[in-house]
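As annotated by TrEMBL, topological domain 'Cytoplasmic' applies to 1-694, 740-850. What TrEMBL lists as region 'Disordered' is 16-37, 772-824, 831-850. What TrEMBL records for 73-303 is domain 'GB1/RHD3-type G'. Per TrEMBL, GTP binding site is recorded for GLY83, SER84, GLN85, SER86, THR87, GLY88, LYS89, SER90. Taken from TrEMBL, the feature coiled coil covers 473-509. Feature annotation from TrEMBL assigns transmembrane segment to 695-712, 719-740. Look at TrEMBL and you will find 778-787 tagged as compositional bias 'Low complexity'.
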Amino acid sequence: MSSSYSQQVPDLLHRNGGGFADTVPSRPHHHHQGLKDRGKSAFTRLQLIDQDQAFSQELTAYMQKKWRLFENGFDYNVVSVFGSQSTGKSTLLNRLFGTRFDVMNDAQRQQTTRGIWADRGTDGMPVLILDVEGTDGRERGENQDFERKSALFSLAISEVLIVNMWEHTVGLYNGANMGLLKTVLEVNLQLFGLQRENRTLLYFVIRDHVSPTPLSSLAKTLKGDLERIWDSLNKPEGLEQARLEDYFDLQFESLPHLLLQPENFEQLALKLRNQFTDKADGKYVFRKAYKRRVPADGFPHYAESVWEKVVSNKDLDLPTQQELLAQYRCDEIAAAAIGPFRQVVDSVRPRVQSGQIVDELGETTRAARERALDDFDQQAARYHAEVYKKKRAGFVQTLDGELHAVYLNQVKNALTLAAESFASEGQKRLEENREAGFGETIGALRRDVAKRFNATVDALAIPDAPWTFASEITQLDMLLETTTAKLRKAEMERVLQALRREARDTMSEVIADHLGNPDDGMWPGVMAGFDAASSDADAKLLLRMESAGVETAAYSTLYRKLHKALWDDAAEALREEVGDQMVLLKLRTALEDRFRYDAAGLPRVWKPSDDIDTQFSTARASAGALLPKFSKVDIRGSIKLRSREEFFPPGYDFTRTLVLITPARAREVSKRFSREADALYLEAKRSMVATQSQVPMWMIALLVFLGWNEAMTVLFNPLYLVLVAMAGGTAFVIHSLGLWGPVFRAVNGMAGMANDQVHHLLVEAVNRTDPAAKIKRSGSSSSSSSSRSRRHNYVDEDGDNIEMEALGSNSSSGGSPMLADSDEVGVRGSFGSIKSSSSSLSASSFNKPL
């Protein structure tokens, strides 16, 4: 294998040194299978931006007529390449997209691509490819102005930015163009960060990957470098928390050495080509997230406006290597100096985040900040002065930014603690010092809480800090004011409740007194009591409102709220006093006072000569007349209730509260009162009859005289005396307990049971005569017999016939026997009749043995 690049790889490109555009003829065939068709491209390339930074005005014509991209609308993609000079960028693009960008001549080793060239991919690929001039070329020397602008332009308009680099430069700052990339990313964020809606894919291709280091390790190193660069950027306002992944996706691929492993190179290059052409490929790069949403016919104007914005930007003018070195070293020094500082901050951050107030936070972190600045100044001050000042300002901003986050957390904790302590301590002090005024108690507490909070804030002060905690102090004032309003409201509610309880106790006595003695002065007396209680409560409420600092505009609202509560309590007490039982009691008491007692207040003893009917009718009518008086409140005696619109809150239904007894209830109470009045009338009548039906005295004397001997017998005979005493005691107990009815029923039951038992015993005694004797029954079964009386014939022990008629039969009347066809018989006399079959006993009766 030859060492010559030109001998190993056929020249697929036709160099054209002059003009903005040229047409490259196709070659008949290609050395490598799979890439041979790329040499047949009929598309042309265009120098979009020349080395003098002039933008081509032919882009519209090329995209419309030669590249035919206008007809694709939004369905096209833009790819750019970025990398150092002579790293094979053009070669890579020619392999991936079949283009014919100029490649380097190994014999000369000089810059090939000047400015930015554009072309369309072959095989119908709707891809616009930009070949950007390489960086770090000797032709431009330290003048990196165009490098930065071209890189920034490519990054701004491309969906995919291919970063071409050698493997041995991975991990190097200058060799991997990290300094330039940092500048480009920073300016890109400033120019397009706020308007950026789509991400960009940074597609890293690591060339000449021949070492055993795996691609994953190289990718990890590059990703770490990019993240450090991103963290060190001076981000514009509003994007301080922006992350690298918010704007860019990263993808890493590698290719082997073109000269040492040409076959492997071509095979892997073909696989990379599939990532740009085959949508089914798992690593297909043209995703919707990268689309700029610029139609093809509007792309020329869009690209030109972006270039003008890039060219006019002053932040890209960093011409000298000294400044780049100063930037690099200042970043390293800052990274080393900030380490101990972060250790101090991280040691206290968990405590602050947990809600604690760390007293030593300000002193400890300020000391760490000063040490970090001293370390930075001692080493970084030796480098470029302007870069040092700029980097120091950024370093201070980083330190203060981290401190501000912790300090703000501490202030928030103090703010929360101050609000909570103010609320809890305020409630506690108000409960402990009821005699002290609200304004004095809460005012002193508020000053104490504000003093403690300000002490916490002052401990976190940093000289020349770009931030203050004025908003948090204002927020504390608002929280204290809000809490004070809540405490004031709670205090006023407590005062209203206390005044309400005091007035309710007073009104309850007044209402009970006047409604207990109903007369013409009942309602005026109740209303006078309400006015007095209301006036007293108003005077006390005024003192409390002035002490609590209540606004004058709120006085009327509190007054009306108090008046409503007072009247509700009075109405409730009135309704309790005129409940059904209470009204009946009052009416019955009024009736009894007028009916049972005379004008002098003495109890009446009714005599037959008294006109009880007239007296009762008059008393009942007088008592019944009180019911309508109890049914509705008469407020004519109240001075305050005359202007009800100003006394009560708007919308309060005062008229409804005046009705104490509805008409339906009044009718029911009237009925019940009539029944109780009738009972009183009957009781009076019975007492009058009792006085008329007394036993005459001569009758009592006669009974005593006639029963004298019997009484003496009982008194002088111990047995009779004991029996009479027992009988009298039993009768007294039964009478006292009201058990005469049950006793009579029990005696009747026992008598019936005894009668039945004697009856059965007699029947059984009759049936148990001589077992050998036969029972003969008399009676005829002929149809002509009109009598159905049945008799039973028995033979006694002497052989005599005994005829027994059924129990309950009546021989004389011919009635039906009660025990017809029964085995039971009755013995005439007390239980039946017994007839002998002969008037005399036969002789044989005496001859029977006993």
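Just so you know, glycine gets a Cβ as well, placed from its N, Cα and C.
In TrEMBL, annotation is done automatically, which means it is predicted and not curated.
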Open item on the list: For a quick check of packing: other C-beta atoms within 10 Å of the C-beta of SER90 (GTP binding site), how many?
Closed with: 23
Open item on the list: For the coiled coil (473-509), what's the mean pLDDT in this predicted model?
Closed with: 85
Task: Count of other CB atoms lying within 10 Å of the CB belonging to GLN85 (GTP binding site) - done: 20
Task: Cβ-based isolation winner (fewest other Cβ atoms within 10 Å) among the binding-site residues GLY83, GLY88 - done: GLY88
TODO: Can you tell which of SER84, SER86, THR87, LYS89 has the least company, meaning the fewest other C-beta atoms within 10 angstroms of its C-beta, among these binding-site residues?
DONE: SER86
